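Trainee: Shown below is the structure under consideration.
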Amino acid sequence: MKAKRNIIIFVVVALLCGWFGVVIDRFIPEQPDGNTLGMGLWLVIPLLATIFLRAFAGDGWRDMGLALNVKGNMKWYIVAILIYPVTTFLLLLFGYVTGWIDFSNFNMQAVISAFASVFLIQFIKNIFEESVWRGYLTSKLLQLKMNDWWLYITVGGVWGAWHLPYFLIFLPASDIATVLPVNRLAFAIIGILTMIVWTIMYTEIYLITRSIWPLVLMHATEDALINPLMLDGYIQIVQGKEFFVSPTAGIVTTLLYLVIGLVLRTIRKRVV
């Protein structure tokens, strides 16, 4: 009963905190896009909620997933780091063969430099995210003996819905247009569905390693690689093909992540 109560409290706080941040930003004009106080609150409050629930509401600290658990799991750290680069390479290869991606501005040295310049920041940012979504919500739902598929849908759905203020308010319209030619609402719906698919991969690696750190590395790699690739203009997608080969939320991309997640699930069922 206590576990369910605390999960409900967490979900409510997580889903409302971004909108609280939106309200705060209304009173503080002329903040830089993508770096407002409201965004900071949106990112930090879920983590603060988990700390409060663990410290004062009986959740405890034992299932946070903070142990590295490197012994016997080093290969899964490597897998976690490689998933996004390998998938992105396959997608770019597909885009090159089909002619759906324009590489006129592509510069490998510049891409590597952009990746290196933001990786540490993304690593720190994703300690917040993965402590919340895997280290708290996933671990608590596992205690309820939830079916795998409902676990993916629940965690992915809440994780995606937490992003709604980001998709609908915080994210610059120019960034949305770079990824997909859709309005904010459509982008938000696609984003939530994409995160449900991503959740399969993240959950399975967490279940295998029982550590958030492979996921922190994985998530940081995604943010540091794919976002600059698109937003800094190193590749351009042929008009009308964005829905297929967008590195962030294209159909081909999402299917690749779905296959990876299901393969990881099959492996986990055999070895864990």
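The backbone N, Cα and C atoms fix where each Cβ goes, glycine too.
Curation does not apply to TrEMBL; its annotations are automatic.
OK, TrEMBL features for this one:
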type	residues	note
TRANSMEM	7-24	transmembrane segment
TRANSMEM	36-56	transmembrane segment
TRANSMEM	76-96	transmembrane segment
TRANSMEM	108-128	transmembrane segment
DOMAIN	115-224	domain 'CAAX prenyl protease 2/Lysostaphin resistance protein A-like'
TRANSMEM	149-173	transmembrane segment
TRANSMEM	185-205	transmembrane segment
TRANSMEM	243-264	transmembrane segment
Trainee: Against which stretches of its own chain does the transmembrane segment (149-173) lie, if we need a Cβ under 8 Å and a gap of at least six residues from its ends?
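Mentor: Distant Cβ neighbours of the transmembrane segment (149-173) are 11, 14-15, 18-19, 21-22, 33-34, 36, 38-39, 42, 46, 133, 137-138, 141-142, 184-185, 187-188, 191-200, 203.
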Trainee: Give me the mean pLDDT over the domain 'CAAX prenyl protease 2/Lysostaphin resistance protein A-like' (115-224), rounded to a whole number.
Mentor: 97
Trainee: So what's near the transmembrane segment (185-205) in sequence-distant terms, Cβ-Cβ under 8 Å and 6+ beyond its ends?
Mentor: 76, 79-80, 83, 133-134, 138, 148, 151-153, 155-157, 159-161, 163-164, 167-168, 176, 179, 214-215, 218-219, 248-249, 254, 257-258, 260-262, 264-265, 267-268
